[in-house]
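What follows is a set of notes on a single structure, which appears directly below.
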């Protein structure tokens, strides 16, 4: 349940006696949860984008002036269409979307801030009355107690209001940061392929961490933009009442500092843009290095890449050093500002008229007002600097969120009553980017329910692109695509999450023991489960680092089988496993007698032995389906399919003649060492089965399969004695 504000202080008492644990914390309020704040921002942003799209192009219809006379042979009046495009393309306003989403709640902080600013000037007035009471010996004593109590109460109320103000600001900042992170994450999942090329992983990480955090930091003090001038005006007004025109000397000092701060702010923004570009490049390079660390080590490129990273980092540090120098100058000038303002004001007041006497009442009240000036003058440069940084982040976020998304209507998923086809493509033309030539051209194919379709063709012919088109990940330029039912996709490069083997297969779904065992057996994973230290509870490293290539591909296939979908798109999943293991998987899972025999299957493959069992074979050449039909029909024609057979027949024959005895006990597969988990079992041979029977007798403990262990920490207090 959410945290009640009345008992929230109990956490402070608990934290004093012992460190807080997860069970001590309350759940978030409903209005603070991500599933509430993220959709609100996404909705506002989509509204802003729709407004811009409606104004990008306007059509004005006007009658044709040259044909105003009615003619006998024309029954319809001609009209001409004038396309008027705006000279400057308008960009959607992310700032306005943020204001509409979080502005109403944030306005509460403005109310608290106004009250706190007013109470801030009540203190000097009470102090003036208190000093006047001390100088007046005839004043009654109760008046002094009254002024003292009033000053104490005013300070307490001011402190409470200030804390409420910061609480609202912190909550607003938290919601803003959460919404930005959620919006960026959602956008990263749906941006088009063309937009993905311009948005690196490092940039997306920076948007979700650095840029989102800047908005959270800014929101705490953003009210100082209007509060600081208000405090300065009120302070100068009261100082004018006390010191007269001498205050203008202090105003002149503050005015002289404004241009200096403006120049510093502009230079800081320039450095900020350069620093973020260097940071994006550095994170991108580090990400590529970590992903390809094995190749980097094998080629001994450590020093070369170290120099490249150091060069980018040195460039980033040079920019940071310049920005730090400017920040130091800005901070120094504004820290000295209150002192210089007070010094110039008192000097002019005393020297301007010999009758001006700086007594205790004027001095103490003026110093109190000057102390009030200290905070806005010190905070203003910091807020301006934060606004400059936030403006850079705002532009970066707007550009990323404005990227083109995948077409939601590129694939029709509504099933047509009585239609015998699971997949149909009519005059389909697809491209990875609208600015590029089409990758797939004039595709026309209808796949019946429950059929096994094989996609064959040379490398680069468009087989994987066709599966991507069915998934809606390509731009549909022409035609219509319809897929009936839910879809499961097995990519050519297996995706493995850092979790247990069981979690990778079930992927958050409920455990169905009988179906789970059938899937494991069909994907030839049972021998591996017997060898792994903790069976299916064995933890898999990041990107499946402790699995072989064949094991990762079989786990990916098992995940697709376990989810039990209507249509399966299989992008060459059998190429990463041995020939006999591939035959086992095809017979038990994909083939006409496998677990998916009643499902619609589209299989990309180079294995010639699987083609005779396919119901339909599609031959792709340079993005076009040149031949289509059964295996017997295509064999009878000397076309692209025959050329494909001649190309891959030699490879198939070589693979089939490889000895099987060594495949069951490989220590490494596809160049990936599997020693941390013992021997990799990629076969169902008798040798591996014998070893599995012996290993199955030993008890499997989940802790044996852990790659990382939780830190053990002791709690307590440090004594004060020596």
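A Cβ is built for glycine as well, from the same backbone N, Cα and C atoms used for every other residue.
Residue ranges 57-78, 123-144, 145-166 are listed, and TrEMBL annotates 145-166 among them as transmembrane segment. Per TrEMBL, the stretch carrying the note transmembrane segment among 294-322, 323-351, 352-380 is 323-351. Taking TrEMBL as the reference, the stretch among 218-240, 402-424, 425-447, 448-470 described by the feature transmembrane segment is residues 218-240. In TrEMBL, the feature transmembrane segment is placed on 246-266, out of the ranges 246-266, 267-287, 477-497. Mean pLDDT for the domain 'ABC transporter' (423-647) in the predicted structure: 87. Long-range contacts of the transmembrane segment (323-351) within the same chain: residues 239, 243-244, 246-250, 252-254, 257, 260-261, 264, 267-268, 271-272, 275, 358, 366-367, 370-371, 373-374, 377-378, 380-382, 385, each at least 6 residues beyond the stretch ends and with a Cβ under 8 Å from a Cβ of the stretch.
Residues of the same chain lying 6 or more positions beyond the ends of the transmembrane segment (246-266) and with a Cβ under 8 Å from any Cβ of it are 232, 236, 239-240, 326, 329-330, 333-334, 337, 340-342, 344-349, 352, 356, 377, 380-381, 384-385, 388.
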